[in-house]
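Report on one structure; see the data block that follows.
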């Protein structure tokens, strides 16, 4: 009997739930099971739905949402947000397609468990290990990410070269197992690069496998659970790999073209470090400059010497965006709301203050009531509060943590 998804999934016609498919073996069994009854261009509802209209497809079972562990999409699927999923008979037999939940009518595939669901080994490992070294993540994510950009690795690479690069670390090009991972990667790129820059990064999304009938997949084997394929350009045969931009956009690209890339590794897997890799974790990149955060307190003059010895400058801040970046980092690094030295001291020509490298002060963020004047009898130096991000002055001999900065040419 043909029904809408709402009718099929309501529990009356198909108790206790529509079919979920968790592996290629179960998919093969279902395909074989319906082959004898499926007519040309027949369709069967399964329990997969974009339940929150975000583009992320999850299993709907007994009113609950379950993550997807396996997918078997047809070419150019999932095609849009907010849909429900059918398994197709006839041509493209057994492949999955997105349909309108209320208007489209299909037969139903039901599934009844024979035992209580047990947690998988993966689910039993929570909470996860913190990220190793300079890989990054956030609370609630099971994987860690690392952005490799041209300033860091000096060259861009093809998709296959980038995937091989990630594999050297025991990782793969980044996949998005759910919408929270994509949101984190988007925030990560915004924290490192200017929002106006048109940077493109290889991720693991591709349709290079000739056995997959033109359907897109992730290089690490993760299921495709979001509808990334709204753009008609994804149908171009010559563009079998995808790049990601820092505005939640995926674009198809020729796999031989050169781009920067993002790697992904499970939290509890320690990355390999190839002998050729120059580890530079202490320096954090942001908009054509790198920053070294010294958490051990010292006098202002000590850091002026240390930064010079490292062929860098004492921290300069030239914009509100750079100020926000620095503040977010020292706030995370400071246990007790410490103040951090920056590269300003009472070294003026007339009434003008300058950064320690001689450059003019074109951005200021003084605490309320301060004008940037340092009129004390003693020489005083400028700090930034890790709590508020505002600037103040203190005796230069007071120990505080600080930051060095070097500009990438």
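Including glycine, each Cβ sits where the backbone N, Cα and C put it.
Unlike curated records, TrEMBL annotations are generated automatically.
Annotation source TrEMBL lists domain 'C-type lectin' at 13-102 (among others). With DSSP states grouped into helix (H, G, I), strand (E, B) and coil, the domain 'C-type lectin' (13-102) comes out at 11 helix, 27 strand, 52 coil.
The domain 'C-type lectin' annotation in TrEMBL covers 144-264 (among others).
Note on the domain 'C-type lectin' (286-405): mean pLDDT across this stretch is 83. For 286-405 (among others), the entry in TrEMBL reads domain 'C-type lectin'.
With DSSP classes pooled into helix, strand and coil, the tally for the domain 'C-type lectin' (286-405) is 24 helix, 47 strand, 49 coil.
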